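Listed in Swiss-Prot:
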type	residues	note
REGION	1-230	region 'Disordered'
COMPBIAS	34-44	compositional bias 'Basic residues'
COMPBIAS	73-85	compositional bias 'Basic residues'
COMPBIAS	111-121	compositional bias 'Basic residues'
DOMAIN	276-519	domain 'ABC transporter 1'
BINDING	308-315, 627-634	ATP binding site
DOMAIN	594-809	domain 'ABC transporter 2'
Amino acid sequence: MARGKRSTQRDADLELESLQSEIESESPQPVTKSKAKKNKKKLNKASAFNSDNDSNYDLKPEDDEVDEEVVPVKKKPSKKSKKAKANAFEAFADEQSVEEEEEEDSEKPVRKNKKSSKKASPKNAFDALADDMDDLSLDEEESESSEKSKKKKKKSKSKDDGSEALDDGDIESSEKDKKKKKKSKENDDAPKKDRKTRKKEEKARKLASMLESENKDNDANAAPLNKTDAFKDGLPSGRLIFAYASGQKVAPDGSNPADGITVTGNLLSPPNSRDLQVEKLSVSAWGKLLIKDSELNLINGRRYGLIAPNGSGKSTLLHAIACGLIPTPSSLDFYLLDREYIPNELTCVEAVLDINEQERKHLEAMMEDLLDDPDKNAVELDTIQTRLTDLETENSDHRVYKILRGLQFTDEMIAKRTNELSGGWRMRIALARILFIKPTLMMLDEPTNHLDLEAVAWLEEYLTHEMEGHTLLITCHTQDTLNEVCTDIIHLYHQKLDYYSGNYDTFLKVRAERDVQLAKKARQQEKDMAKLQNKLNMTGSEQQKKAKAKVKAMNKKLEKDKQSGKVLDEEIIQEKQLVIRFEDCGGGIPSPAIKFQDVSFNYPGGPTIFSKLNFGLDLKSRVALVGPNGAGKTTLIKLILEKVQPSTGSVVRHHGLRLALFNQHMGDQLDMRLSAVEWLRTKFGNKPEGEMRRIVGRYGLTGKSQVIPMGQLSDGQRRRVLFAFLGMTQPHILLLDEPTNALDIDTIDALADALNNFDGGVVFITHDFRLIDQVAEEIWIVQNGTVKEFDGEIRDYKMMLKQQIAKEREEERRIELEKQKK
């Protein structure tokens, strides 16, 4: 029984792949083949998806010359009834209506051009569907005459034998035939191609539904087939499972990123293109329109930075591509980094190499299917062969070690299993996987989260020098990374995708100039309206009528400009502005507030982390801690907070000193069932609700976001709640461990202003070079058991890191060249 089900499953999978290929070509694949050339059709139309206009689906590739082949049918078609060509799908529908009556008849092969062969009868529903699809490719004239002949024979037989009247199914079929013929006459001018496409898509859906039923029978624990997962541009797709670098499409909470996303638009890129171009793109998530009638243009070889405030739809757009909701050319391979690698028994190296093996198996399966018609699929076969060659590198292990070490993995960590790593390190594993496989379109959603400065510097160098011939689409809250990496900026603003050449600084300059021009234009419109209003008050009735019409037209145009983002520069600044302010600490603490005296530390049974540290902190301190991963930056914060005690030496603190810590795990303290105001009142119950709402508003939480459960807030909004909590404790010294994760650029700038205006001390760890540049007055390097002040600015430190990376890269190239010479 189980073997039979697996056989059925394999048949279904093969049929799905075959059907997908047939629909992608937008023309039925011929089963009856002739050496005569078919009429060639130009590939000059856009392919639409989720569109009401079916004519936009048309992709008309050229038909190739093919050999002749024998096709089994259920009855030999009549040659006497040949007429003008009719729609092949009408014949197919008619054939289905009499299918039950023909089951007892034996199938006979029809000789086509004096050649014959036999085909086995279908054994299950999937085979039956396959035979139905084969019958569609018969010559349309023969299909029509065959079906008419069958109907006549059936009717004649029914009358002669005195058989019973037609059952309800036959009556319904007869009525449907009449309606179809009538509709065919009314739509003679309509393109037949569209009807065929729609019929094929309907068959694909039915087949996918049957496949889902089989999957449920075979494996009760298997995840149900989701239409979003199974279809790409309405087509069955086997590639989508490999589109996520994490190795999983389902989020940690069990949700599918594609759930709730709807997309419309037209694909412009031809099948063999390495670009992704879509016009009239609209994207919605859970009913909220995020992108409206925009163009998506991703040109091969360019590196795009996608920027927008949190909640605007950046991640939704990336998921829409990765989930197949936005169609892509068949030759374009893509991966998305959006979450950490799923923990398992694989080591770090094995986990990275695994993505290579999965991709290779997938490509080989695709190639096997395409080899059924190598002439027709020559372009796709060439693309797959090139991709397979790229995957078959002799130094794969060396590349994996290079990437992992660049992401600051130690040799000890590399040897660990992935289920022994924290979520932050598994995020680096997922990043290493996508960098190793290096798809044609690489999508990175906040890749610098969970990285330290050294890893960020290495990643910037890698993306800048190793992406030739590949396209990058990245969302990132680090302005420095956007400046170092990006050749173009895509600004998602007012539901539109606006494109700017250059990096982030260039975007800011061009955007500011454009805003000024828009402001001038808007002011001029207002002046013109004021003049018209004055004339309106001073003229006669006829002139007043004309002036009123002109004022009305200008008002309408001004309103349209405002809706499209063309507003005054004061309004633009107000929209972008966000203010965060920490409560004053009150002072009263003499310097030094904290003093380290010959402090050494090691965990029980572990190596020495610090040896004889001597330094002090006060309310004027603005210190950024930098250094390689594992050097002890977080441990130093714990020593300051007295969460761990020195092995030797002492840490002296003022008795009235108040400290506050922000770290990656503070979000666990939040009660997601409560609103921000409710949760803060549980911590500071003496403050009335009105005052609490005013305080929360300082941190960018206004209106509805103050009173809805925090489970409905974004990660960035929840971080603002934590900032509000820290500020209300009125600490003398703020300790921040990676505060910028999940914040957008505007919020990071607001945080920098808040720290600069804070009257207490600040000690922080961050991977954001720009935040350090904005806030830090001292840079301390934590390395080799010591803490030393860096003599220079953060730009100098970053330049030093990049020089080391460049030196290592040149050394590797030299070694490779020597190997090639040998």
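Glycine is no exception: its Cβ is also placed from the backbone N, Cα and C atoms.
The shown structure was predicted, so the numbers you read here are calculated from the model rather than taken from an experiment.
Its own atom aside, the Cβ of Lys633 (ATP binding site) has 20 Cβ atoms within 10 angstroms in the protein chains shown. The average pLDDT computed over the domain 'ABC transporter 1' (276-519) stands at 91.
Sequence-distant contacts of Ala631 (ATP binding site), defined as residues of its own chain at least six apart whose C-beta falls under 8 angstroms from its C-beta, comprise Val782, Gln783, Asn784. Listed in sequence order, Lys633, Ile781, Val782, Gln783 are the same-chain residues six or more apart from Gly627 (ATP binding site) with CB atoms under 8 A from its CB. Cβ-based crowding with a 10 Å cutoff singles out Lys314 as the top-ranked of the binding-site residues Lys314, Asn629.
Lys633 (ATP binding site) carries a helical DSSP state (H, G or I). Lys314 (ATP binding site) carries a helical DSSP state (H, G or I).
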